[in-house]
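Asker: Take a look at what TrEMBL says about it:
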- Cys2: active site, for GATase activity (ACT_SITE)
- 2-215: domain 'Glutamine amidotransferase type-2' (DOMAIN)
- Asp103: L-glutamine binding site (BINDING)
- Val293: ATP binding site (BINDING)
- Glu378: site 'Important for beta-aspartyl-AMP intermediate formation' (SITE)
Amino acid sequence: MCGITGWIDWNRDLRQERATLQRMTDTLAARGPDGEGIWLSAHAGIGHRRLAVIDIAGGLQPMTATTTDGHECVLTYSGEIYNFPELRAELQGRGHRFRTRSDTEVVLRAYLEWGHECVTRLNGMFAFAVWDSRREELLLARDRLGVKPLFYAEFAGGLLFGSEIKALLANPLVTAEVDSEGLTEVLCLVQTPGHAVYRGIRSLPAGCVVRMGRTGCREIRYWQLEARPHLDDDETTVERVRELMDDIVARQLVADVPIGVMLSGGIDSSAVTALAHRIAAPQGRTPISTYSVHFAESEKHFEPSLARPELDTPFAREMAAHVGARHTELLVRTEDVLDAQRETLLAWDLPGQPDVATAQYLLFREAKRTSTVVLTGEAADELFGGYPWFHMDSLLEMPAFPWANVDLLSVMSEDFHRTVRPQEYLTRRYAEAVAEVPLLDGEDRRAALVRRMFYLNLTRWLTFLLDKKDRTSMRVGLEARVPFCDHRLVEYVWNVPWPVKAIGEEPKGLLRTAMDALLPTTICRRAKTAFPIAIDPIYDKSVRAGLQEELSTPNSALRDLVDIERVKALLKAEPSARDVWRPTERIARLAQLGEWLRVYRVRIL
């Protein structure tokens with residue numbers, strides 16, 4: 001896992017622009033603490049920051065290869081290819097000779113063999129760019145689920161790309177401008193495929209490639225969810241999920257550096273932990289390392305809620321003991337969260353959920369002390385149906401994204417609403433998303449609604465969560481792998497009917513049934529609990545003071561967006577740990593919105 005960036009320009013001699021390309025590459029230093037490289041030609045510049053995971057000595061980048069007719073192909077790549085041993089053997093059988101043991105070289109030689117269609121053969125998480133000097137063509141590619149990020153910006157006669165938005169902003173050709181659509185997505189936690197919030201910058205959608213040459217640039221989709229009849233019976237389905245998870249975790253445990261597991265004590269991370277232990281034990285690689293987070297004062301101030309019915313800590317400890325893990329429990333204090341919140345903004349280049357993202361960042365930072373790679377449980381809820389909106393008819397029928405947080409809109413000014421029209425934007429984006437859903441002939445109305453909800457979760461909400469996970473982990477140079485995002489598992493489970501996904505009439509019943517032999521009953525049947533957050537009064541007071549300070553900043557851009565009287569009312573609202581979107585969380589998000597506008601010097605269009 002690394003950081004990549006580059007610049008194609010037909011109107012400049014980029015050999016004279018090394019300093020700018022170096023600045024772009026330097027912005028990604030946290031993603032790649034183990035090395036850097038730059039490659040330049042007249043019209044192409046490629047940068048790379050490396051986090052060494054496979055073939056520590058041999059996987060240096062940018063990596064070059066010479067074609068049979070003497071032209072160079074240059075690769076800059078971030079991610080992991082889990083089927084690289086099989087691909088390497090196949091390519092060797094086709095006459096390719098390898099200089100390294102790295103999966104990087106497998107990607108490069110796969111391109112030499114199959115061109116842009118090489119992506120269909122890759123099993124993994126990846127974002128990469130190949131400059132083909134013979135064709136004078138750039139290929140950008142992103143994995144099927146969007147685990148790894150990739151952004152690009154077109155301009156007259158060229159294109160810029162990078163793992164993070166900050167790499168593009170380091171080039172004077174790009175400015176930090178945000179229009180009404182970008183503001184709405186930031187405020188409501190809605191993420192549209194391809195939309196990167198900043199005007200002129202595009203996020204390469206998951207499952208897509210870009211081919212860019214002298215005649216222009218075009219996106220091509222190489223993978224998407226397809227509706228197919230599910231023909232397996234319940235027993236076969238459970239066994240197939242079990243087999244897939246076994247193979248996926250085994251593949252994702254391959255590395256030349258220490259690997260751990262993020263463990264909350266929920267079914268998702270516990271399943272990954274149990275499988276990792278079972279696979280690693282015969283190889284003499286136990287005890288495995290596990291990591292969880294616990295907030296100081298949690299027991300004192302905790303109130304059960306729909307999102308957090310109970311604390312994670314006892315269950316994480318139980319699961320760690322169950323497999324004999326080397327368990328690290330990070331105790332986070334309020335001052336730790338407040339001190340680190342700026343880091344989550346700088347990691348993401350956008351405001352988001354500062355309390356959750358900061359807790360996640362701190363946990364990843366702790367894990368980095370003893371691991372270079374971790375496995376996580378993201379995507380299980382979106383794939384197996386862990387949220388209330390999968391099984392509540394009122395939410396299934398709702399003509400809106402159920403996770404969209406419109407609460408911040410209530411404190412925005414009347415002028416903002418007249419100009420931005422956020423509700424109209426959300427309605428339009430929802431209609432566009434629904435129109436994409438592949439339906440199955442003969443499905444009844446409720447089955448079609450459930451299929452629609454899974455599609456929206458896998459293509460919209462999951463992307464938001466994966467982006468947050470990537471930025472907070474890579475901010476500390478930690479590679480986070482996501483077993484539940486293996487496309488084989490996603491393609492299979494996506495078409496499993498809801499009654500089978502909810503075996504036993506419980507959320508994620510299919511996953512629970514597939515994993516029940518490996519897990520304690522208390523964990524296997526545990527209700528979903530959201531990621532821990534700070535809930536003590538000191539944090540609440542500090543967050544409120546932070547917003548007041550942000551609003552009092554000279555020339556505050558936030559003041560121009562909000563209705564001050566409504567903000568004052570929000571600041572007087574009683575703190576509550578029971579609300580899903582509690583006042584404290586909304587206040588923290590507003591403060592970070594203001595900080596983002598100020599720190600990034602965002603121009604609102």
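Just so you know, glycine gets a Cβ as well, placed from its N, Cα and C.
A TrEMBL annotation is a machine prediction, not a hand-curated record.
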Asker: Using the alpha carbons only, what distance in Å do you get between Val293 (ATP binding site) and the residue listed as 'L-glutamine binding site' once rounded?
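Answerer: Distance between the two Cα atoms comes out at 32 Å.
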Asker: If H, G and I count as helix, E and B as strand, and all else as coil, what does DSSP give for Glu378 (site 'Important for beta-aspartyl-AMP intermediate formation')?
Answerer: coil
Asker: Among the recorded positions Asp103, Glu378, which residue has the fewest other Cβ atoms within 10 Å of its own Cβ?
Answerer: Glu378
Asker: For the C-alpha pair, I'd like the distance in angstrom between the residue listed as 'active site, for GATase activity' and Glu378 (site 'Important for beta-aspartyl-AMP intermediate formation'), rounded off.
Answerer: 20
Asker: Calculate the distance in Å between the alpha carbons (Cα) of Asp103 (L-glutamine binding site) and Glu378 (site 'Important for beta-aspartyl-AMP intermediate formation'), and round it to a whole number.
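Answerer: With the alpha carbons as reference points, the distance is 24 Å.
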Asker: Which state, by DSSP, holds Cys2 (active site, for GATase activity): helix, strand or coil?
Answerer: strand
Asker: What kind of secondary structure is Asp103 (L-glutamine binding site) part of, going by DSSP in three states?
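Answerer: Once the DSSP labels are grouped into three classes, Asp103 (L-glutamine binding site) ends up as helix.
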Asker: So among the recorded positions Cys2, Val293, who's got the most Cβ atoms within 10 Å?
Answerer: Cys2
Asker: Going by DSSP, is the residue listed as 'ATP binding site' part of a helix, a strand, or coil?
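Answerer: The three-state answer is strand.
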Asker: Summarise the model's confidence over the domain 'Glutamine amidotransferase type-2' (2-215) as a mean pLDDT value.
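Answerer: That stretch averages a pLDDT of 96.
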